[in-house]
Every structure is written in structure tokens, then in C-alpha cells.
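Student: These came from TrEMBL, pasted as-is:
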BINDING   GLY119, THR120, GLY121, SER122, GLY123, ASP142, TRP169, ASN184  S-adenosyl-L-methionine binding site
BINDING   ASN184, PRO185, PRO186, TYR187  substrate binding site
DOMAIN    7-76  domain 'Release factor glutamine methyltransferase N-terminal'
DOMAIN    113-194  domain 'Methyltransferase small'
Amino acid sequence: MSETIRQTLARASAALAEVSDSARLDAELLLCQTLNCTRSRLFSHADDTLNAAQATQFEALLARRKHGEPVAYLLGHQEFWSLRLAVSDACLVPRADTECLVDWALSLPGDALQVLDLGTGSGAIAIALASERPGWRVSASDASAAALHIAQRNAQTHKVAVNFAHGSWFEPLAGQRFDLIVSNPPYIAEGDAHLADLHHEPQSALTSGADGLDAVRHIASHAPAHLHAGAHMALEHGYDQAQRVREILSAQGFQTITTAQDLAGRDRYTHAQWKGA
């Protein structure tokens, strides 16, 4: 006997409760994907039944979610800064907390800033900045060609101009200088227990050495050669890494170093200014 939408959602929500803090929402989004409908339609047609093909498709999605695959990968997209961005397992799923980094960057004065997003992934930060500041010249680099393909697709979808460069960090940007560098680099320590919950996402975008700060050290040591005097840099990092990140930046000659908090009030972003050698 076929299940109704109401029954399907109740069963799926219970099945996902052990693996997700948002089990009901996950179930609704996966069913919307299956039925190609809005969430409001699920509620207004709760007594409709799924046909065999729909039930099979939904069960396949549900099984993948139960094994920890992010909902964004199952849907093929994620919302970020009011933008719908395509995502795949070639890039990290953009997190809402990273919007705070965008918000800070947008507070900087200047109508024609040259901006660089290092390790752009899906292009979330670069595209959000370009969409809000059309006069800024935004560049973005990533070592993953597959991730850059996703980022380029997202930029085209949202009709923003971003100069994408394929290569590790500053490697493809020789001789270029910027007014602002932003990055959400990998910052989880190799072997961290939390990685078990993130095994579907690219590990190269998550981990960075024994203490998680190899990428931050690399960026901090190479950034001065790519910054104009008076330029700014902002990095996302782990909630317990702020002091070490400030020390790394200070050791490289950065000044006016401050840390800001994420949506949960945890230290998550450190900003610094390069005043010149």
C-alpha cells in the first residue's frame, strides 16, 4: 500500500533523527527534490500518495542521507548569501557562518577594490562579494579543477564577473597585488575526531597538518607579496585557533589584528592589515 506524503515524512524524519539535527527539514527537502515541488505543497497535499517511481527515488536519497551524505550534495545546491549555489563532492558545502566573513568584507570602504578569495571552492565568498560590489575586481583561486568548474558555473548563473585561477593558493597569481584577501582555508587537524562526520566532503579542503594551521601559515607568509600597502586580510579558522592565528599573522608583520565571532558567538574570523614592509 502506498504511503501518503504525511506518512512518508513521519517515517523519514524518525529514520534520520540519529544522524541529523534537522531530521524533519532534511526529509522535507529530499521529498521536495523527489516530487519537484515546494515545501508548502507538501503540507497542502499531505494526504497525496507517492507512486512507485517516486517512492523508489526517495528511498535512495534517504539511504544516502542516513549514511551521512550532506543534503546539499543530494540536492545539488546550497543557499548562501541569498544565492543558490551549485555544489558537488568536489567542494565543501558553504556554511552560513562564512556569511559573517562576507559581511565583514563588505564593510570595507572603496568602490574599486581588487579582491582575492583563496581556496574558493564553490565560489561562495567570491560570488557573494561580486554580487554586492559590482565595481570590485574579484579574483579567486583553487587547486581543484573540479571545484573551479563548479565555481565558474555559479558565477555564470548569477551573472557576476570573477577571475578564476587554477592553482594552489597564490601559485597562479604571480605579480598580482590586492586590496583585500579573504579565505576559508582548511583548518581541521589531521586525525581530528570530527572528520568522521565530514567524510563525504573533500578532505583536502578540511584538513591542514598536525595542528590544522599549515594553510594559515602558508597564506600568512606569502600574502605580503600580494598585498598593497594598507590592504586587509581576513581568514576563517577553528573556534579554538584565534590566538594562534593572531600570533602567526603578527609574526609575519601584519598589524591591527582582531578576531570576530560567528553566528554562535565563537571566535571564527581574524582580520589583519598589511601596512607595508
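Any Cβ shown, glycine's included, is placed from N, Cα and C.
Bear in mind that the values here come from a model prediction, so they are computed numbers and not experimental data.
Walk me through the surroundings of each of these features.
Tutor: Taken residue by residue with DSSP, SER122 (S-adenosyl-L-methionine binding site) is part of neither helix nor strand, so it is coil. Within the same chain, the residues at least 6 positions away from SER122 (S-adenosyl-L-methionine binding site) whose Cβ sits under 8 Å from its Cβ are GLN78, PHE80, LEU85, ALA86, VAL87, CYS91, LEU92, PRO94, ALA147, ILE150, ALA151, ASN154, listed in sequence order.
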Student: Between ASP142 (S-adenosyl-L-methionine binding site) and PRO185 (substrate binding site), how many Å separate their Cα atoms?
Tutor: 10
Student: Out of GLY119, GLY121, GLY123, PRO185, which of the binding-site residues is least crowded by other Cβ atoms within 10 Å?
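Tutor: PRO185, out of the binding-site residues GLY119, GLY121, GLY123, PRO185, has the fewest neighbouring Cβ atoms within 10 Å.
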